[in-house]
Amino acid sequence: MTQLEISKKSEKPAEKPAEQWGNGLEFLFSCISLSVGLGNIWRFPYIAFQSGGGTFVIPYLIALLVIGRPVYYLEISLGQFTGRGVVKAFDMAPLLKGVALGQVLATAASITYYSSIMALTLRFLLASFGSELPWSRCWESWGTDCHDGNAQNSSGKISPAQLYSEREILHEVPNIDNGLGLPNWQLVACLAIAWLVIGGVLIRGIKSSGKAAYFLGVFPYVVLLILLLRAVTLPGAIDGIIYFFKPQWRELLNPLVWYAAVTQVFFSLAICFGTLITYASYNNFNRNVYNDIVIITTMDSCSSIIAGCITFGILGNLARETGNPDIGSVVKGGAGLAFISYPEAIAKFEYVPQMFAVLFFLMLFVLGIGSTVGMGSCILRVIRDQFGLRSPPIWKLASGLTVLGFSVSIVYMTPGGQFILNLVDFYGVSFTALILAIGELVAVAWIYGVNRFCEDIKFMMGIETGWYWRLCWRFITPGLMTAVLIYMLLDMSALEYKGVGYPTLAHVFGCFLATLGLIQLPGWAIYAIYKKRGQNGSCWQRIRAACKPSDTWGPANVQLDATI
């Protein structure tokens, strides 16, 4: 968008100015708390475990450089330039506005199961205040399935932490062929508390969450470093860490590993969900975010690697204790892995393990707040942008989201809840996020145009965009994502959870979730073309017209921006 176009736009009445961060540090720490969240500490270790440890790390780091960092820069720049939420930001290319709507739906699905992880965290946190950690020893009710830490008597048995997580917290069922079961009232209560905290922060607005970000962004690193020091000193930890970094070269040709790496980058950095565009929309228009992006993405990748070292170090210790030489089979995978490996390490602390358990689960809960508040802010911003000055008060919107989110999230509190979490994660989030991400790159780099977008960045921040970013946005990033998507579709098998298949009805529900997100693409494209029906010309000319930025495209605070 040229300065002349901005000047013309400034003649129109300005929109109501949006909230802004108190200062640049609030934005930086808010992005850190959003990106360095449950996606790193909870999701990264179990995805790496499922994908073969070191086999996963190499594709992850490659995806971080050629997908994660370029898309992060793109979304931050786009949000800051427009000063609006993700849906309004796509006024630059109305033909692909469905990308934004699909991303909002994926974010809505994500916030439901992220809140359920917060509920599990809170349940473990409360259990940590006892005279001893309940997962530090075997219970009589577990029978002979539990190992006592003696390798000679532990072959083929399960750790106390895993049994406590599966039997006492989740009450997990072997399959969901006969239904999900009834929600556990203790977990439902913890879920209610989690949503009350999320809703409370959202009601206070962006300035309140910006102040909280200082704590949310720093505290987790303190706890992580303490756990890392303990994990690497456990007997057998080095074997697990070697497994984490040593790749199985043949598996690098497995497209599902690359698919897992790409989607994990989405979760780690919170890209392609609309949350970054929302956070950047509260920035000062001229803020140079280049250094912020380097800092945030570097810290994000480091936190993931630290979390991986902790988890696999503990798995190496478990392998030695149980006499199992195969670290890849020492525990079952799944989203609950973080609730097995980390508690196992904490239980081995010689002094006041309860205190460290409280710190760890408090850290996870804090990370959950940072992630879910970002998701909730994205959803609320879309609604407020849609209604403009007629938008309901923020407290009403946040309260409605809290009640609705809590109601939906109860399904994860059932004995079969982890099956549903895995299902929603794959069909409703990971699968659709990859396709929508490709659509986002096409919208910005090909329809709106890389050169025009780089001109906007120069006008906004006064810096030239290098060839690395231009090549990634136009060719490398969408090309790699498309290749991963095609190979994944060709080699995709039926979804499983811990090696257990899903009933047909569950797959039907999963396909419905995926369709709901992806149908936004053709649906809104047809609508955009239909709106151009009054123009003379062929269908192709109407399609070209639908590709041009709408009249509302441009910086939100036009009176200020036009004078820059």
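Just so you know, glycine gets a Cβ as well, placed from its N, Cα and C.
A TrEMBL annotation is a machine prediction, not a hand-curated record.
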Per TrEMBL, cysteine bonded by disulfide to Cys138 (from Cys146, Cys190): Cys146
For the transmembrane segment (185-206), distant same-chain residues with Cβ under 8 A (at least six beyond the ends): 19-21, 115-116, 118-120, 122-123, 126, 169, 212, 282, 365, 368-369, 372-373, 376-377, 380, 394-395, 398-399, 401-402, 405-406, 409-410, 412-413
Feature contact check the transmembrane segment (471-490) with the transmembrane segment (426-450), CB under 8 Å, 3 or more pairs: yes
Spatial neighbours of the transmembrane segment (394-414) far in sequence, C-beta under 8 Å, 6+ residues away: 111-113, 115-116, 119, 180-184, 187-188, 191-192, 195-196, 198-199, 202-203, 205, 376, 379-380, 383-384, 420-421
Local Cβ density at Leu367 (Na(+) binding site) - other Cβ atoms counted within 10 Å: 29
C-alpha spacing of Cys146 (disulfide bond) relative to Leu367 (Na(+) binding site), in angstrom: 31
